[in-house]
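Q: Just dropping this structure here.
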Amino acid sequence: MTEAWRPEDDEPRGASGPVRVRVPAKINLHLGVGPLRRDGYHELNTVYHAISIHDELTARRGDTLTLTMEGEGAGELALDESNLVIRAARALAGSTGVPPHARLHLRKQIPLAGGLAGGSADAAAALVACDALWGTGLTRDELAEIAAGLGSDVPFLIHGGTALGTGRGEAVSPVLARPTVWHWVVAVADGGLSTPVAYRELDRLRAAGAAGPPLGSTDTLLAALRQPDPRVLAAALGNDLQDAALALRPALAATLKAGEAAGALAGIVSGSGPTCVFLAAGAADAERIAAELSALDVCRQARTAHGPVAGARIG
């Protein structure tokens, strides 16, 4: 359902609302894709990393459950029962026995279908916002249990930071890492890329012997996160889905090449793509690389980000 969002709805948060939640985008520093499981998912061994590109969800009291949105992808997303935000709110209501009544408004910056888990981020934001609005008082771990039924990335985006994901990605545990800030350039492509399509393409490439060797263990990546040198982390980045994304969107090869030519320490496709992310030596280098990519015809938008950052948080 949709409902008009009025400027006066943006008053400061009071005792009963509104509740505003910011939620970050996600990249995969390591995405190892195993065989297809009987439940239709692939076994994953991944390291998630939350970065400073945020969506914002505002929840207000209402007589029904409604959703409006603005920003990235406005007009392209259905705002009905199929939307992950609505599904998340209903899942929380169903688990806690409260009426699913809220007016939700999404301000979106994370690109749609870009390999940055934008939909999963918004589901995580809805769980945190509605939990506060409805006073259901769930812990982060309890919210993450509900999140696991909504999507593989959603539990991570409840927590944020940097974490190891196993199973289909929904089993999340924090990693031991130095308190280092890593600087990234995010090159957003025109259009999105379906995650299921990317996985099917990887299966096809592997069956044809046309995919690279699987990444395997996360040990090298996890060890790199315990070092302060971004060059060590750069050498450990990897994504088994990159072959599939490049097969489906060959132009991404030029984006990766341009980023590394501009001075990035390494570049990979983010998740299932088509966004590419580049690790920079520092903040100034990231700004320079983003400016160079923006001047070329290799992406729709290049922006800087840093990580790790917190997951869905009120404020």
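The backbone N, Cα and C atoms fix where each Cβ goes, and this holds for glycine too.
Source: prediction; values computed, not measured.
As listed in Swiss-Prot for this protein:
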ACT_SITE  K26  active site
ACT_SITE  D153  active site
BINDING   P111, L112, A113, G114, G115, L116, A117, G118, G119, S120, A121  ATP binding site
Q: Rounded to a whole angstrom, what is the C-alpha distance between A113 (ATP binding site) and D153 (active site)?
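A: Per the Cα atoms, A113 (ATP binding site) and D153 (active site) stand 13 Å apart.
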Q: With DSSP assignments reduced to helix, strand and coil, which class does G119 (ATP binding site) get?
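A: Looking at the DSSP assignment, G119 (ATP binding site) belongs to a helix.
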Q: Which has the fewest other CB atoms in a 10 Å radius around its CB: A113, A121, the listed binding-site residues?
A: A113
Q: Whole-number Å only: compute the distance from the Cα of D153 (active site) to the Cα of A117 (ATP binding site).
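A: The separation of the Cα atoms works out to 7 Å.
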Q: Sort the binding-site residues P111, G115, A117 by C-alpha distance from K26 (active site) and give me just the closest.
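A: Going through P111, G115, A117 one by one, the Cα closest to that of K26 (active site) is A117.
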Q: Tell me, how many other CB atoms lie within 10 A of the CB of G115 (ATP binding site), whichever protein chain they belong to?
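A: Its Cβ shell of radius 10 Å holds 30 other Cβ atoms.
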Q: I want to check the contact list for P111 (ATP binding site): same chain, sequence separation of six or more, C-beta distance under 8 angstroms. What comes out?
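A: Long-range Cβ contacts: E72, G73, G118, V188, G192, T275.
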Q: For the recorded ATP site formed by P111, L112, A113, G114, G115, L116, A117, G118, G119, S120, A121, which further same-chain residues have Cβ atoms within 8 Å of the site's Cβ center?
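A: Here the nearby residues are A25, I110, G271.
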Q: Among all the protein chains here, how many other CB atoms are within 10 A of the CB of A117 (ATP binding site)?
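A: So the Cβ neighbour count for A117 (ATP binding site) comes to 30.
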Q: Looking at the recorded positions G119, D153, which one has the fewest other Cβ atoms within 10 Å of its own Cβ?
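A: Each of the recorded positions G119, D153 was scored; lowest Cβ tally within 10 Å is G119.
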Q: Including all protein chains shown, what's the count of other C-beta atoms within 10 A of the C-beta of K26 (active site)?
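A: Within a 10 Å radius of the Cβ of K26 (active site) lie 30 other Cβ atoms.
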